[in-house]
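Enquirer: Below is the structure I would like to discuss, written out as structure tokens.
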Amino acid sequence: MSEAVLDIQSLRKTVHKGKNIVEDVSFKMHKGEILGLLGPNGAGKTTTIRMIVGLIKRSSGSVSINGTDMDEDSQTCKRQIGAIVENPAFYDYMSGWKNLQQHARMAIDPVSDERMQDIIKLVQLEDAIHDKVKKYSLGMKQRLGVAQALLHQPSILILDEPTNGLDPKGIRELRDYLRELADQGISTLVSSHLLSEMQLMCDRVVIMEKGRLIDETVIGELDQSDEQKVCIVAFQCRVDQIQEAKALIEADSEIELLHIEKEQTLVLKLHEATIPDVNKKFVEAGIDIYAIERKKTTLEEKFLSLTNTRNMTDIKEVQS
Amino acid sequence: MITLIQNEWIKLWSKKRTWIFALFILLITIGIAFFFKSVIFDMDAANDENWEQDLEEEIAVQEEIMADEDADEWQVENAQMTIQQNEEMLASGINPNKTNNMIFLEETFPFLASFITLFSVIVASSIVSSEIDDGTMKHLLIRPYPRWKFITAKLITTVGFSLSLIVVLLVSNLLIGTILLGTGSLSTEIMVNNFETTPYLSTVGEVLPARVGLYVLNVLMFIIISFSVSILFRSQTLAVGIGIFILFGTNIAQSFNVLLADTSWYQYIFLPHLSLPEYAIRDEILPGVGLAFSIMVLSVYALVFLGACFTYFQRKDFAE
Ligand SMILES: Nc1ncnc2c1ncn2[C@@H]1O[C@H](COP(=O)(O)OP(=O)(O)OP(=O)(O)O)[C@@H](O)[C@H]1O
Ligand SMILES: [Mg+2]
């Protein structure tokens, strides 16, 4: 493993009445890595990010960027960071272009107009860039936020819920772009409460709940051991064949039938590698399958069991 | 630092409000000029050779009032003042109906400048707090500059705004004054009446530059107070409110001056000192309180306000 570009050691934030809203959070991010910070609402993701970028003081703990301690030389550290914290906000009485210019001027290394054009093209705001930000939609603002964070060519990107307000196409583009940046050696810390998204976007995920880190998962490792990977898949058949299908599954000890939805969908827990076999089995038995849908993945299950929250069930939707 | 000031300047003038303020100063100056020409100064009377006679007639009328046993005390005082003034004018040959651009500027500056104070208070109160409210401040604070530089740039920009409005006022006033009322020179003689000593003769050149210079210091103090209050109390509204209160308060303070002049503490309050332009026509605003003392008191307040607000801003947690 290469040297950590971002090294967070035992971060803690104590608010009034001695309550710790972030406690003992430590993690490292490596060069070219996309690291997910996952947690339900109120877990302390934004608070952690605010402490990293210096918007709020750390009650204790340290942050170092490329080996430089934030307390010793915050200017050097901040030069290397590009960030969106919570919703990106802009001067809505100015155009997108003028907003970016404000940031371009603040960059220590000069930002050329060409660079601005490139970035704008990348986030696909060419058509609207000279309109007042007032007229932008949420997704357009999010794109402008990404452009702004990238403008000064930081080596570390910190994005707090960047997919908020983006349409599936926008999310995919962001994902592809972050991957491209990662290949160029730029590391990204991205927070989200949507696991499915994290899984597609990140190399590794750290999971937070109630201010603490509760787990760390390398997504790539999971993908490599596909044989072992257990997942939950829904097979939809006809109502009149459901009993037949059920009997077929119950005969197989490898597969666990979790429940039946709407009298026509079998929700199964099985090894990922066996999905085609199960399908074949249905077909051979003359059972017509209308849809196969992957429900939760193991990481999702893990996340759910760890964080134990109900409001995470919206996860399955965004599988763009 | 220069880039930060440049950014602030661009943001300020990208707002419609700023242009409305400048336009207002321009229009009200022109409006006042027409008002002066048609109502205050009777242009026919200016060409009237009998102005000396008119003054004498007025003296006669006032003498009757003084002789009247039923007259109130204030009427007598008023009459006395008018007589003195008229006699002085007769002695030095000043036609009160004659006017020119210099007299116009001298006489209207305090009134017109009070609008600049008002607008400066509004800008100073909102330049930091509006960015905090809109959420754009966090995008500034994560850039590699120490926090104090951002608010210093904002403070300097506000001062620049006030100075620009003063220039607009002076230039437009001189132009419209010249067009409507004719050219005068700095040596134009005027009567100075400060309601304390007997009216005395002076020239525009002696009074006006002092008035403008002192006004600049005065408005600087207003800016510092509103700016600091808006940051310390995190409230734009409160800061504007306090600024306007002080603006009117200084006029009210002048009536307290007589009442409280003898108390030992009153001269250490900043309120009475905030009518610095008064020093253009008198040496003391309170018994024993001269310009040097006023400036000293105001400087101490300015340092305390700025010290408190910079320290606070430097340490503040930005978690909005
Ligand atoms: N200044 C503060 N004082 C007290 N409590 C706070 C403060 N700021 C945040 N909190 C609390 O800390 C917790 C973590 O908040 P944070 O914004 O970091 O969560 P998050 O993980 O970003 O959640 P979300 O997914 O909703 O954005 C919340 O319960 C919040 O109420
Ligand atoms: Mg958050």
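Cβ atoms here come from the backbone N, Cα and C positions, even for glycine.
From a predicted model like this one, the values you see are computed outputs, not experimental measurements.
According to TrEMBL:
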TRANSMEM  B:20-41  transmembrane segment
TRANSMEM  B:109-130  transmembrane segment
TRANSMEM  B:151-176  transmembrane segment
TRANSMEM  B:212-233  transmembrane segment
TRANSMEM  B:240-265  transmembrane segment
TRANSMEM  B:285-313  transmembrane segment
Enquirer: Hey, which bits of the same chain come close to the transmembrane segment (B:151-176), Cβ under 8 Å, at least six residues off its ends?
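Expert: Residues 1, 4-5, 7-9, 12, 18, 21-22, 25-26, 29-30, 33, 101, 104-105, 108-109, 112-113, 116, 119-120, 123-124, 127-128, 212, 215-216, 219-220, 223-224, 227, 231, 309-310, 313.
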Enquirer: Out of B:20-41, B:109-130, B:212-233, B:285-313, which stretch touches the transmembrane segment (B:240-265) the most, going by CB pairs under 8 Å?
Expert: B:109-130
Enquirer: Which residues of the chain, 6 or more past the ends of the transmembrane segment (B:285-313), have a CB below 8 A from one of its CBs?
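Expert: For the transmembrane segment (B:285-313), the sequence-distant neighbours (Cβ-Cβ under 8 Å, at least 6 residues beyond its ends) are 128, 147-148, 151, 217, 220-221, 224-225, 227-229, 231-232, 257, 261, 266-268, 270, 272-276, 278-279.
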